[in-house]
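J.: I have a structure I would like to understand better, so I am pasting it below and will then ask my questions one at a time.
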């Protein structure tokens, strides 16, 4: 996918990996970058606008846990304004296994809801033009960090959902791929709660191992966007971008 002159919606593009990815996207010159985030960050938005004044950057407050119908209303506002949207990035996520319901609501259900809502505008069965979904999942969807089983399971669920959306592309016209960062130096991983406090030092222990910066992750994220491979499972770890070959142990046969 060519980012230049495209219209992109980025959910949670104002913090951590999201903000650095927004910076890299803006440098590539999209026509519009629409940022949907629960928390407003005027300083970051101003920085992005200054980075490339030719890009129109718009912010809408958005919580991914709202009902699908509310998301559809917001997307209608965006589509009415832009007419077309090329790429949806779902990047909302929390890492706190004390918040079980919210972890599932944000990391998994939020991804499902936003993707479901945009199908109203993209689905070729409804006369839509199709589109591309990039879902930020996690390497914990491959192998869990067992001290945070709720977070790991929510990301595995998001990964499975993304793989299914990709396989439905011939029906909907909507392609999808997953972005799976490894341990990245963000506020998210510097301090977080393990499930039932099974390992109070889990964040500290993770950071004793090699990590990557948010910039390294963002630069590889943009490479994945440009590659635009339906069904790709991208691992973004230690400054590398690698396509994962999924091992199939069962097939529905349909």
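Using the three backbone atoms N, Cα and C, a Cβ is placed for every residue, glycine included.
Keep in mind that what you see is a predicted model, and the values were worked out from it rather than measured.
Grabbed the feature section from Swiss-Prot, which reads as follows:
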- 151: active site, proton acceptor (ACT_SITE)
- 10-33: NAD(+) binding site (BINDING)
- 138: substrate binding site (BINDING)
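How about a rundown of where these features are and what they're close to?
T.: Non-local neighbourhood of residue 151 (active site, proton acceptor): 94, 95, 96, 97, 103, 107, 138, 140, 145, each in the same chain, at least six residues away, with C-beta under 8 Å from its C-beta.
Counting only residues at least six positions away in the same chain, the Cβ atoms of 3, 8, 10, 33, 222, 225 sit under 8 Å from the Cβ of residue 25 (NAD(+) binding site).
Neighbour density for residue 138 (substrate binding site): within 10 A of its CB lie 27 other CB atoms from the protein chains shown.
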J.: Just checking, which of 13, 16 (binding-site residues) has the fewest C-beta atoms within 10 Å of its C-beta?
T.: 16
J.: Among the binding-site residues 10, 31, which residue has the fewest other Cβ atoms within 10 Å of its own Cβ?
T.: 31
J.: According to DSSP, does residue 10 (NAD(+) binding site) fall in a helix, a strand, or coil?
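T.: Going by the DSSP assignment, residue 10 (NAD(+) binding site) falls within a strand, counted as strand.
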J.: For residue 28 (NAD(+) binding site), what is the secondary structure state per DSSP, taken as helix, strand or coil?
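T.: Note: residue 28 (NAD(+) binding site) is coil by DSSP, not helix or strand.
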J.: Looking at the binding-site residues 22, 28, which sits with the largest number of other Cβ atoms within 10 Å of its Cβ?
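T.: Answer returned by the neighbour count: 22.
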J.: With an 8 Å cut-off on Cβ-Cβ distance and a minimum sequence separation of at least 6, pull the same-chain contacts of residue 19 (NAD(+) binding site), or say none.
T.: 13, 41, 44, 214
